[in-house]
Amino acid sequence: MTTIGTPLSPRATKVMLLGSGELGREVLIALQRLGVETIAVDRYDNAPGQQVAHHARTIAMTDPEQLRALIEAERPDLVVPEIEAIATPALEALEAEGVVTVIPTARAARLTMDREGIRRLAAETLGLPTSPYRFCDSLEELRAAIDGTVGYPCVVKPVMSSSGKGQSKIDGPEDVAPAWEYAMSGSRVSNTRIIVEGFVDFDYEITLLTVRARGASGEVQTQFCEPIGHRQVSGDYVESWQPHPMPSTALDRSRQIAKAVTENLGGQGIFGVELFVKGDDVWFSEVSPRPHDTGMVTMVTQWQNEFELHARAILGLPVDTTLKSPGASAVIYGGVDAEGVVFDGVDRALAVPHTDIRLFGKPESFVNRRMGVALAFADDVDTARRNAAEAASRVTPRAV
């Protein structure tokens, strides 16, 4: 039986989010609707999640001493990592000492904090199909890996990066050195390690939101949302839609792969499992033990969106992954480099049928920074995609 206290009281149920961007913001709102006291942590002040939480804290989350000191001072019931750039050894130590419960587990946070841990788990421990890959620590190793194993074309990514940063495609030998330099510039930490992956000849890629939550029996069960299709540019998502049609054999295989990975990681919560699909063949790509950016579409497609599913699951509550309507999301970009922008055209965007928008409240805009998202539902995915894209195009951030 789950008991939830009253916020700001001695018996409050307290949840700390490490990382308070747009996804964390929605998780915090979902938790507050369930009566949870929330603590939003980020590396900079006035992050989107900090604007809605009961408490806001700003620290260097990659500093183990700062992270430990904050957790020991706040004593939350749960610590929920919402980004990868965290001092995970400190989380593992605190969990082992019984100081706090990490969602889904401290081990999962460590394994998924970079591409090496999770790729080795999927391919080498679990034997799941993946693209050919090698890890490299120098330009010379990268050249050797491409010539000896991976071949052309291939993709280079820092082992620690997000939202496509530092990711590039290599078509021939002349691209190798620029790709290495770009990967070094896109890493989240001072780390010269990269992964180089051979190209998979896939028809499409999906995100399969996978939820580990307690059912009526009290046992942890695995449930799946309908597959989410998405389009990326330079490794960063620009639109997503749900459901994405796929053969039953491929869907079954996708669920088998997602279940194998998430069961091994353990704990409770939502996982964004990314997969490549060609016909009935499926390859594992990545997994995040938290809501996924492509999953923002669920705010208009599901009875419980990915943030509500995550909040319920980590609190030990039942979940419902039922789809209620086809829908789509489209990114609203900053368009300008400025602080404290204003948004023109919101009224015109919301005049598009069956649409909604989310403006994230990021204090600083960049040309290619994701500042919001347009959402649309319709009788079919194609109509929803057109409407979401149209609504997004009508919102214009402006420097003042």
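Cβ atoms are placed via backbone N, Cα and C, with glycine included.
Since we're looking at a predicted model, the values are computed, not measured.
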To which of GLU82, GLU84, GLU239 does Swiss-Prot also attribute binding of N(1)-(5-phospho-beta-D-ribosyl)glycinamide at the site defined by GLU22, LEU23, ASP293, LYS362, ARG369, ARG370? GLU82
Rounding to whole Å, the Cα atoms of LEU23 (N(1)-(5-phospho-beta-D-ribosyl)glycinamide binding site) and GLY166 (ATP binding site) are apart by 21
For the binding-site residues listed here (GLU22, GLU82, GLU274, ASP293), which one has the lowest count of neighbouring CB atoms within 10 Å of its own CB? GLU274
Using a 10 Å radius around its CB, how many other CB atoms surround ARG370 (N(1)-(5-phospho-beta-D-ribosyl)glycinamide binding site)? 20
Mean predicted confidence [pLDDT] for the domain 'ATP-grasp' (120-315): 94
Rounded distance in angstrom between the Cα atoms of ASP293 (N(1)-(5-phospho-beta-D-ribosyl)glycinamide binding site) and ARG115 (ATP binding site): 17
GLU274 (Mg(2+) binding site): which of the binding-site residues GLU205, ARG369, ARG370 have a C-alpha within 10 angstroms of it? GLU205
When the Cα of ARG369 (N(1)-(5-phospho-beta-D-ribosyl)glycinamide binding site) is compared with the Cα of each of the binding-site residues ARG115, GLY166, GLU205, GLU286, which one is closest? GLY166
